[in-house]
Structures are given as C-alpha cells and as structure tokens.
C-alpha cells in the first residue's frame, strides 16, 4: 500500500466517529445502520451543498469543452450534447406500461431508494422519447410512497404528464379501457419472446430491485394472475454476463425506443452501453423487417 493510500485511510478513520455503545436489545448491525442514517440526516445540507458545487463545476467544464470544439470549427461530440428535458415533437405510442411495485416487503431500504430513482428516470425517459407511453405505478404505497412524499416531494410527481400513481393493482387485471387478454407481463424468466409491441396493449414491468435474489418472482405472479408472459429479446442482442435482468429504467427506455423504427436491435444498441452488446448477435441480425423484439 502506498503512502497516499495509507494517508487516505487514516483520514477516513478520522472522519468516521466511533460507534456509541450498542443499546440493549439491538444488534450491532441495526445500531450501526441507525447511526449511519442519523449522521446522514445531520449532514444532509452539507452533502447537498457539495453536490450542487460539483454539478456546477461539471456543467462549466462541459460548456468549456463544447466551446473549444466550436472555436476549432469542429463538430461537437454527441456525448457532450445534452438531450432536451422535454421532447415537444412526441407522438403517442399507443401502449400502456404498468410498473408493478407490489414487492415492498422483499426489498431493503437501500433498494427502495434505488427503485424510486428508477421510477423518476423512467418518467424522464418518457418525456424525452420520440414516442411516449401512458405509464402507471401500481400499487403506489408503503415505503415507495413515503419516499416520494418526503425526499422526492419537490419532483411534483402528482402532476407528471402521462405518468400516474395508483393506490392499488386493480389495473393489472383489466378495466373498461383494456381487457385482460390485452395485458402481458414482461419477465426474463419466460421462454416466449416478445416479437413486437402493439398499440392498445398493456405491458407490466416488475418494479423490484433484488440483485436476483428472488428467482421467477414475476413469472410466478403472472401465472397466478392468469396473465401471459413474454421476455425482451435479450439473448438475441446483448451479453449480460450471466444476468439477463435489466433495470426497470432500461426496460422502459427500450420499449419507448422500439417505436422509432420498430427494430429491437437498434433499440438495444441505442439504449444499452456498447460494452454490453453481443457482437455475435449484432452481426447475425440485420434484417430490415425484424422479428427481433
């Protein structure tokens, strides 16, 4: 270990206060977690201020890089061009996406935070995509609702366009707008591939962050509900190193991107990091009218 690493570790030790005695009837792990949360609440304002300063610095650095390209008369790289927050030229994809958030008791607090962040990113994706979907979070309750009503209250989530929060999961069983035979549950655990997205359909996406702890969770739920299941064509286009499960945000982005040209291959290449794409599958599929969904 270098002297710099030793000094960094020493500084880290100095910054972390010693853990007070563990109260009777509480495990050390629970006490440590509670103290960590308390330190976060006490220093939240400081952390937020540091985050704002960093964000401002990065924004200035990005602007400076863009100006350098302009001054040299060169084309600005795509990665430096920020997408507009709202796409004013959007058209309706004609589909509904339901984020099934009924798995609260299967996630820890950190995973609930991750899920809430994925929901906000799904909303952002729906605002920016060329084709929007009617997205609904159901059921919206327990810790997810609590987080939106507190930490994420300033997002004004109650007024999001094309994005609704429902108190129960009745919508998954069909309603006056869409019958049950027009509903499909998307899960990586089924064998049947989703060939195409069709207007007038309602697609359910499992809203759970579980690091693959619960095998076939969404598949079994869909079977119990009597809802047909399909999987995105992950195996055909990408290599996830053993894990065929995408985040909720990625699934929503892929579905929205699909409507640009109804080509799953292009959607995967556009949404997912290039390092995840399966080179063999990319070269094997180049048909103009893809079966690839």
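Including glycine, each Cβ sits where the backbone N, Cα and C put it.
Residues 1-31 are the range that Swiss-Prot records as region 'Disordered', among 1-31, 32-62. Taking CA atoms as the reference points, residue 246 (S-adenosyl-L-methionine binding site) and residue 210 (active site, proton acceptor) are 12 Å apart.
In the three-state DSSP assignment, the secondary structure recorded for residue 210 (active site, proton acceptor) is coil. Mean pLDDT for the domain 'SAM-dependent MTase TRM10-type' (83-279) in the predicted structure: 90.
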